[in-house]
C-alpha cells in the first residue's frame, strides 16, 4: 500500500484478494462458492458483462495461457470507485482459487506447491505478464478480448474478502465449509491484514447457514459480515467498500445494510427503470411491424434504455420490446375482428333475411347458403391462406370485406344464432307475451307484493325472457301483481270472516291493544292466506284494522261485501215491495229527519249558552241553515243554563235528540257547572237502553271576549279546562284569539270545526231501531229476526221471495226498511209476527238491546265464513231463545261430492242438536221454499214467549242495577249501534227521582250534593267534582224507577248492618225507595217485577225475578239462579249482588234455572272463549300495567259477569301460555285519554298545557325541549337505540317535577340517563293538548304524500309546512333538525331516519284511530316524518334536495354541499331564535347521507 501511495498520492490504490472454499469436487462440491461471480459483478457490473458460469476445470493449455499463467489465482483488473465520502480510489482485484486438470481432475501443478489455505493467505503475489480475466470464453482466445496485464507483474495484498456460500450447495456439507473457512481465517489472521466475511448467494440462502455464519463471525474479534448476491447485484459494492474502510482507518465507517433491505432497494430501482423503458418503447413503437434492430438504434441514446440495459441486460430489453409488438398486433387484429363482427349482422340481414329459409339450418349449412347468394362477394372475401389473422390481410386496410373463414369462429356462430333469435323474436313477440303471463300465473314463486327486482330472478333463465323488453315485463308484472294482490286481499278478508268468533271474543274497540293484535297474528299466523300477504304487511295490518273497525262499528259502508251488503239488498227489496205512488210524498215526509240536520246542545251558565246560540244563529241563513263544505245543513240549537235534572233543561226531549254538546265556561264556577251538568246528564241515563248520552260528543270551550291571551287567571283556566277535557274525553278548543271581533265568544272557524266533527260522528252511526217497549207487544205477538251472511253465494231475493209474496205479508208499522209483518196460524190462533231480516253484523247489537223471540239463522254450506259468523252470533244468544238453523246447499249432488258442504251440514245439525234448536237445509237450485217449514220453529217460539219477555225485562233491570264502568267502556254497550235514532219512550223522558231512600241509616245523594255545594265554594271545588264524577262512574249506580204501588219490605237490623258494612267497604248498594205507580192501561200482572231491591247476601239458590205464567189466573213463576258460574262472561247484565224477597211469598212457585248463553251448552261454540277474559278491554293507551292476582283470590272467583273462565284441560299449551302471559284484571279500567306522568302526583303548570303558553316570540323553543336536546347531543348521540329504548318512568316523572319547580335545572348535574331525558322529551309532546303537527295539517300532508313524482311531492310537503302555526313550525323545525343530526350517527346508535320516524310519528302526529282513514294511513304518517328527517336541509334551510337513500355524492364538493346547512345562519338585524340544536365539539357535523339500517319498532 505504501508503494501505491508513492506512485499516486492523489488516488489511493488498494489490492484486495477474494478467498474462500476451493478445490476439487470432493472439497467444494459440484459448484463453487461464487467468488468469481462476486468479482465479476464488482469489476464489470453491467448486466451484459456479467457471467454466471466460471469454470475451474481447465485443460493444460488453458492453464498455461497468459490469463491463468500457471497460477492458481486470477487477476480481475483495476476498478475505480467513489466511496461514501466522495473520495475516489482504485482497487486491484485478485481471486485465489484452485484450478483442476480436466484429465486427472487433480489440481494443476504450479510453481507454488503449497496447499490452498497457505497459498490464499499470501500477501505478495507475482506473475509476469499475467493478463486480466474476463470469462471462461476468454481462455484460448485471449486476442479477442482486451489484454491488460497485472501491474508490474506483482501485487501486495492489502486485505481479504473471505467468502462463505450460504446456499444449499450440491454434494457440499456446510459444516465442512465452516471448518475450512475457520482454518482459512486463522491463516489469514496471521497476516494482520483486514478481513471481511462475505456471505454469497444470499438470494438462495438458507436461514440456518446464514445464522451459523454470523455466529462464526461473532466468535472472532471485529469480524464484519456482509450479505451479498452477485446474481441480483445486492451489496456487492458494500462488501468491497467495507474492506477498504478497514484498510484505510481514516475513512468513515461504512453502514452495513441487511440483505433484504438492500434487495428491496435494488428491486425498486429495477422496477422504476423498467417502467421508464416500457414507456419509451410504447412512445417510439406504434406499429406491430417494427423490428428490434431499428428500434434499438433509435433508443440507444435514451437514458431510459441505457439504465434498463445496464440493470437487466439487452436480452431482457429485447424481450419487453417483442412483448409490446405482440400486444400491438393482437390489438390490431381485435380491432379488425370487431369491425368484421359488427358488419356480420348487417350481412345476415342483407343475404338471409327470411326466417323460413334458415329456421332449422346450422351455421355450417347457413355458410354454404351464403355462398350461393348473388351479393355474397359484396360482403365477404375468400382468402387463399387461412386463418385470416395470420395472413397479410390484416394489414389490407382498403378491403373492408369480411374474411369468409371468420364464419368458422365461435363469435360468428353466436351472431348467426342471435340473428335467428332476432327473427324468431319478431315472429313470437305476441306469443311470448302470453307465455310470460301464463308463466306468472303458474309460478309458485310469484307471490303478492313481491317486488319486480326479486321476481326477476325467478324468470331470468326462462327461454322467453330475451323476447321481452324491460318495460313490457314491468307492465305485465304490474297488472298481474294487482290481480293476485286483490285476490289475496279477498281471500284474507274471507279468512278474517272465518275467524269471526275470535274477533268477537276479543271484544275489540277502535284502538286494539298490542296484546290483542298479537293474539290475532298468533292465531292467524299459520294460515296460508295470512302468509300470502307476508310482503304486504302494511296492507295486511290495514285489512285487520279495517276488519276490527267493522267488528266494532258495523255498518253497510264498512261491510266487507259493500256495496252488496245484505242490509242494503233487504232494504231495497222491502221498500220496492211495499212502496205505492200515493205513499211517496208521505214516505219522504216520514223519512229520517236527522239526515241533514244537526242537533246541538249549548251548555253554559250566566248567559253564555244563550249568547253563543245567538252568535251562531247570526251566522246562519234566515231559515236556520248552515253551510258546511258547500252543503246546506239544518242547525237546531238547544241552549241550557240551568239544572239539567229539570225536564225544561234536559239534554234530550221527545222531539230533540242531540248529536253533540258545546260546553262553555269563563270561570271556575262556570266550569264546575259544566262538569256537574255532564255528570247529572250521564247519571240520569245509566239505566236506559238508549244511554247514548254517555257517549255524546263534547267540546269544551273557554270563552274569552276580550281576546286577552295573557295573565295568570287565563292560563289557570286553560290548564283546568284541559284537565277536565282529558277526564271527560272531549275536545278542548283554545280561547278565541284577538281580532275576531268585539263581543264574539267563538269564531266561525271554530264553529265549523265543531260541526264537522259532529257530522263525522253522525255519519259513523248506523242506528238500529230503538228497542220496543213491552207495551208495544200489543201490536205484534212475536218478534223474529232472520240473519243472513253478507257475501254468501245465494240471492237474498230467492230467500225472501216466499215471505214477500205471501198474502199475509204486510209492511211494518214502524216504517223500518228491514222488517215485515206476517199473520200466520200457529196452533189454534193466528199470530202477528214481525220478521226483521238483517245481516249478521247488524244483528249482533240487538241480541241484548232488543226483545227478540227467536232467530232464523242462514248459512251457506260451502262457505266456512258463513258458518263461522253463525257460531260467533250464537255464542252470545241466551239459551231460552229458540233458534232455527237453515243451511243453503247447491243440491243433493253437490253435498255428496263436496266434502266441505258435507262437513258444514253435519256441523250445523250437531249445533242444532246441542242447543235444542231446529235444523233444515234448502237447495239454492230450488229456493222457492214455503213458510210452512218454519212452523215448528214458530210453535217453539210461542211456547217460550212469556219466559223470553220476562228474561228480557229482568236483564234490563239487572243491567241498570249493576251498571259499572262497562257501560261506558264496552264496545258492545257503548257502540253507536246500541243507541236509538227514534224518539225516547215515555219512561225515558220522565224526570229523574232520588236514587236513594231518605233514610238516615242509608247513604244519601242529597247529602252528597250538599257536600258538593260546600266544596264548590272552596278553591278545590273543581277537583272535587271531577273526583266525585269519576267515583260515580266507577261504582254501581241504580237507574231511576217509576212509581209503583207501595210495597213494604222488612229490613232487619242485620240487613242494615250488612248494608253499612258494604258501604264501608266502598261498595255502593242501592235500594229503591219510590213506589211503582202504574200508567194508564198498564197491568202489573203481565210483567215480571224486579226483585233485587233489598240488599242481602245470596245463597247458592236465589230468587232472581218472577214471570207471569198465566196472566188470567195471576200465577207467577219465580226464576232462580241455580248455578252462578253459568253467568260468567255472558255480557248479559251481571246478577245483582242484592238478595231479593218475593212479592208473592205465599204463592206456589216453580223452579227454573236462570238463562245462560248457548256457548255454555254447545261445545262447538266459543272455541276462542278463553281469550274473552284474558285482557282488559281497551286500547293501548287505556290498558296500563298488568294487575297480578293472588292464586287463592283467583280461585274464589269474581262476582258478576266478569268472572274468569277457567282454562280447558285439553287446551293447546301454546295458546294457554299466551293467555297466561297476557292475563289482565277482568274489570275494565276507566278509559283515559292518554297515560300522563303528571296526573298521578302533581299538577304541572308547564307540562300538558298548550304549546303557546310555554313559548314566546323571543324564545320560540320551549326551554325544556332545548335543555333536553342539548343534553342528548352532548352525551347521547352515540347511545344505541336512543329514543327507541324506553327510559325509567319514575326518573322521567322526577325530571319533569324538578323542572316544573326550577326551569334552570341542570340535567348534567342531576346525572339523568340519556334514555330518561329522551323519554321525558317525548312525553312533553305526548302531553300537549294538541299534537305538534296539527290535525288539519295532517290531512294536507297525506294528500301531498300521494303525489308520485318525488320532487313534486317534497315541494308540496314544503308548502304544507309553511301553513303550520308559527309556534308549531319553529318547534317542529328544531326537533326535526335534531333528529336529522341523530340519524347521522346511525352507525353507532343504530337509529336511522326510518327508525326515528317509527318512534316519533305517533308522538308528533297522534292520529285519531276512531276513523278508518287514520287506521289505514299509519305507514303514510311514518313515511312523512321520515321524509322530513331525511330532507331536513331542503324543508327548513333552503338547501337542494338530497340524494335518495342508497346514493352517495360523487365528489368531495358534493359532500360538502350537503354538510353546512345547520352551521350557516342568515344575517339578520335581530337575533334569530335557535333554529336547530348547535353542533357539539364531540360530534362534528357529518354529511347528510341517508342510511339503510333497520330497527325494530318499539315505542
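Cβ atoms here come from the backbone N, Cα and C positions, even for glycine.
Checking the candidates 589, 684, 1469 against Swiss-Prot, the annotation phosphoserine falls on 589. As annotated in Swiss-Prot, region 'Disordered' covers the listed stretch 1058-1089 rather than the other ranges in 962-993, 994-1025, 1026-1057, 1058-1089. Of all ranges given (917-939, 1101-1123, 1124-1146), Swiss-Prot attaches the label region 'Disordered' to 1124-1146. Note on 56, 1221, 1453: Swiss-Prot annotates phosphoserine at 1221; no matching annotation appears for the rest, which is not proof of its absence. Within the set 1177-1207, 1239-1269, 1270-1300, 1301-1331, the record from Swiss-Prot flags 1177-1207 under the feature region 'Disordered'. As annotated in Swiss-Prot, phosphoserine applies, among 650, 716, 845, 1150, to 1150. In the structure as shown, the Cβ atom of residue 1284 (site 'Arginine finger') sits within 10 Å of 20 other Cβ atoms. On the 0 to 100 pLDDT scale, the domain 'FF 1' (270-327) averages 92 in this prediction.
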